[in-house]
Amino acid sequence: MLTPVNLLDFDVDGLVTWFAERGEKPFRARQVMRWMHRFGETDFGNMTDVAKSLRAKLAEEACIRAPRAIRDAVSVDGTRKWLLDVGSANAVEAVFIPETNRGTLCISSQAGCALDCAFCSTGKQGFNRNLSAAEIIGQLWLANRLLGGSASPAGSKDGDGGPDHASRATKLDHRAADAKGVQSDSWRSSDPEEDHNGRVISNVVMMGMGEPLANFDNVVTALRLMLDDHAYGLSRRRVTVSTSGIVPAMDRLRDECPVALAVSLHAPDDALRDRLVPINRKYPLRELMAACQRYLERAPRDFVTFEYVMLDDVNDSDAHARALVELVRDVPCKFNLIPFNPFPNSGFDRSPAERIRRFAAILIDAGIVTTTRKTRGDDVNAACGQLAGQVQDRSRRTVRLVKPMEGR
């Protein structure tokens, strides 16, 4: 018996092609795509506006399968983290961050990461494999279901019948975080007046485990689904890819699927960045800054976001801040300063709060929009740099850095 094809692996063009190979018209592919992504449906039998003969054929040849959540942890600030089984003893993590006017989902692109950035928990596990498109978009698909964010077929503009899978009783109460005065500026849209139209998940950031641009094809397939009106219909401005700086892939992303861009910078000069972000040895800062300028020619935003983790007595001096001002002088940008989030045996400490404030002030005085990320979810190891999952390392070793989490 043939292994069923997972339809979550296809963007709309891929699904249209797959349907055409079976003698089906393009509109049938779009119908099924709406059921999968808008409504979170997995049972072809429930797709009531799809011909019964096609439903039967799909039940034989296809499936809709997202990663399975094997752990679910909720922080005191409302942040929610899932450990997701992706097979072969590998697990990745996704994080939902609720805020007053938006909900941001941080998703992973690889099981582990080969780039081995010095301050990142994921990199210390080594690398196993790229996630499939289904495993990437499946994180958004699953989070929508678990958070009650899937639309109701009965209430859709297409008039599709069927059960209401959008159980609003499961929607996470964003007010829990608000009551504590929690903020997370660097996850925010730069358009605070924008409304997210009642979506539970209004923004997606590719800032989880792995280097997204090292898994280019599968990530772009997932991005296209996020943007597609037949699937999630997110604005390009509300989808962000974060990269450590793989320059050729940045150029490809600009040409094929330009979304908001964040760059993990973390140092103002090549000597220091070579130590902290080893990919810099291949694509040094001069090439990276030029790639950022090229990206802005087609980007949905008129700036690049530079992420900068604040490491005590490593990259946080006034001189480092002034060097950054010079480095980015010709690149329209904003900075997110990220207080380092500790993990076992990292060898780094977080910069003191006063030093972070002074560092930010130098950037702001130079006219650079600068925010300091409010740490979210660190009590469940969901904060930036703490995502670890479980990875069977094919490059060096097998290390598990997951701490036990309370199940919901």
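Note that Cβ sites are derived from N, Cα and C of the backbone, with glycine treated the same way.
Bear in mind that the values here come from a model prediction, so they are computed numbers and not experimental data.
The active site, proton acceptor annotation in Swiss-Prot covers GLU93 and is backed by sequence analysis. The annotation active site, S-methylcysteine intermediate is assigned in Swiss-Prot to CYS384. If you look up Swiss-Prot, you'll see GLY210, GLU211, SER242, SER264, LEU265, HIS266, ASN341 marked as S-adenosyl-L-methionine binding site. The annotation compositional bias 'Basic and acidic residues' is assigned in Swiss-Prot to 157-178. Swiss-Prot lists 99-379 with the feature domain 'Radical SAM core'.
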Site diameter for S-adenosyl-L-methionine, Å, by largest Cα distance between GLY210, GLU211, SER242, SER264, LEU265, HIS266, ASN341: 19
Inter-residue Cα distance where the pair is GLU93 (active site, proton acceptor) and SER264 (S-adenosyl-L-methionine binding site), in Å: 19
GLU93 (active site, proton acceptor) and SER242 (S-adenosyl-L-methionine binding site), Cα-Cα, nearest whole angstrom: 16
GLU93 (active site, proton acceptor) and GLY210 (S-adenosyl-L-methionine binding site), distance between Cα atoms, whole Å: 10
Least buried by Cβ count (within 10 Å) of the binding-site residues SER242, SER264, ASN341: SER242
Rounded inter-Cα distance in Å - ASN341 (S-adenosyl-L-methionine binding site), GLU93 (active site, proton acceptor): 16
